[in-house]
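Taking it in order: structure first as C-alpha cells, then the write-up.
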Amino acid sequence: MMTTLTARPEAITFDPQQTALIVVDMQNAYATPGGYLDLAGFDVSTTRPVIANIQTAVTAARTAGMLIIWFQNGWDEQYVEAGGPGSPNYHKSNALKTMRNQPLLQGKLLAKGSWDYQLVDELVPQPGDIVLPKPRYSGFFNTPLDSILRSRGIRHLVFTGIATNVCVESTLRDGFFLEYFGVVLEDATHQAGPEFAQKAALFNIETFFGWVSDVETFCDALSSTSFARIA
C-alpha cells in the first residue's frame, strides 16, 4: 500500500514494504560521551533526543513492514581495513588521527568488538533486521547493501543516524547515483561539527540528492498504512 510523506522540497510517495529504514552508525563512538567523536573534540551533548527519535522511527517502520538496516562503522582490531598511508582514509579519518595523536587510545576507537564500536544501549536490532559493518563513510562501499536492497525490490531509503554531514550524506549520495530515492529524517540525525554543518548537509540533500522530512511526519504517514495492513 502506497503512502505519501510530506517532505522538502516536495512530498514523496512510496510503498513501505519496498522501503528500508537505514540507521547509520548509532554507535558509542558517535553518540556517547567518551566515544570517538567526543574524544576527538566534537560535541555529542545533544545526541540523546536523536536516539529517542530513532527509536520512534524504527518502531513505526517495523510496524509498517519496512526493512531495518543498521550500520556500524569501523575496522578490524589491527586496522587493516582502515588503510595505511597509501589510503586517503588514513590521513582524513579523525579516529585514526586521534589515535596517532594520543597513543593511549590506540586500538580503542572504532575497533570491532570494542565498546566504541557497539551500538548505543537504547538501540537494539531485532530478528529480521540486518546489521552491516562498513569500512568507509558510505554504506555502499565494500558492503552488500546494494545487492540486499535490489534483491528485495527496495528503491526507497529513509535515513537516520550520525553524522548527517559525513556518513548519512555520503550513503544517500551514493544511493542517488545508484537510482535510489533517499529521504532524511532531520530530527533523527546529528552532525559532526557546528550546527551549520547540519544545515548545509540538509540543504545539499533536499536541493540536489533527495528529500528531508521529520520523525513525526514519517510516523503519521505510516500510521494509516499500518492500520490498513492489520485490517
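Placement of Cβ uses the backbone N, Cα and C atoms for every residue, glycine included.
Note that the structure is predicted; figures quoted are calculated from it, not measured.
The active site, proton acceptor annotation in Swiss-Prot covers ASP25 and rests on sequence analysis. Proximity of ASP25 (active site, proton acceptor) to non-local residues of its own chain (separation of 6 or more, Cβ distance below 8 Å) is seen for PHE71, GLN72, ASN73, GLY161, ILE162, ALA163, CYS167, given in sequence order.
Taken residue by residue with DSSP, LYS134 (active site) is part of a strand. Positions annotated as active site by Swiss-Prot: LYS134.
Taken from Swiss-Prot, the feature active site, nucleophile applies to CYS167, supported by sequence analysis. Around the Cβ of CYS167 (active site, nucleophile), 23 further Cβ atoms fall within 10 Å across all displayed protein chains.
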